[in-house]
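Colleague: Supplied in structure tokens, the structure appears directly below.
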Amino acid sequence: MNESDPIAQFARWFDEVSRAGIDKPNAMTLSTVGADGRPASRVVLLSSFDERGFVFHGNYESRKGGDIARAPWVALLFWWDPPGYQVRIEGRAERTRPEESDAYFARRPRGSQLGAWASDQSRAIESRAALEARLAETERRYAGGPVPRPPHWGGYRVVPAAIEFWENRENRLHDRVRYERTEQGGWRAVRLAP
């Protein structure tokens, strides 16, 4: 690892694992903290990234949405094996602009668009049959037409304060570099013992 910019380093690794055929290289663990102080983790999919941060999408009224509304500091974790790369990201989650969420939603498969309306994510449901009935009703409502983005669904951008890269090496002498955001908006790299 010799990048001075952690976003460029992430892009290099992400491109490498994407070309290697790793299943769902955009899968990442999102960790939040609930109102009771308990941590919660779940796998979400990275939608995009750039110098502003790392974007994922979901239901704003879900448990993760509630956690982020109360405590916007979150952690993301990528693990790619092979080649034995880990990336940890700590940052503040903020909602993306509505037009960004609209554009992403419009590119989603129709079934996923309908599912965003049919599912009250993280809430108790009567049965699987009740969920499927709600999906069928949603399909009828939007039959033959476009499916608009629900107001409770959209993107989050995790604006990174720290990004740590870990590369598997022999004898457990792994390569580990942590980048921390400076007050001037740049990055300071620190090499860590494994």
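In case you wondered, yes, glycine gets a Cβ from its N, Cα and C as well.
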Colleague: Taking Gln9, Gln86 as the options, which does TrEMBL list with Arg63, Lys64, Gln121, Ser122, Trp166, Arg176 at the FMN site?
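Modeller: Record check against TrEMBL: FMN site with Arg63, Lys64, Gln121, Ser122, Trp166, Arg176, extra candidate from Gln9, Gln86 is Gln86.
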Colleague: Specify the secondary structure state of Gln86 (FMN binding site) as given by DSSP, simplified to three classes.
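Modeller: Looking at the DSSP assignment, Gln86 (FMN binding site) belongs to a strand.
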Colleague: Enumerate same-chain residues with a sequence separation of six or more from Arg172 (substrate binding site) and a Cβ-Cβ distance below 8 A; give 'none' if the list is empty.
Modeller: Pro194
Colleague: Restricting the comparison to the binding-site residues Tyr104, Arg108, Ser112, Leu173, His174, which residue's C-alpha is spatially nearest the C-alpha of Arg63 (FMN binding site)?
Modeller: Ser112
Colleague: Please classify the secondary structure at Arg176 (FMN binding site) using three-state DSSP.
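Modeller: Once the DSSP labels are grouped into three classes, Arg176 (FMN binding site) ends up as strand.
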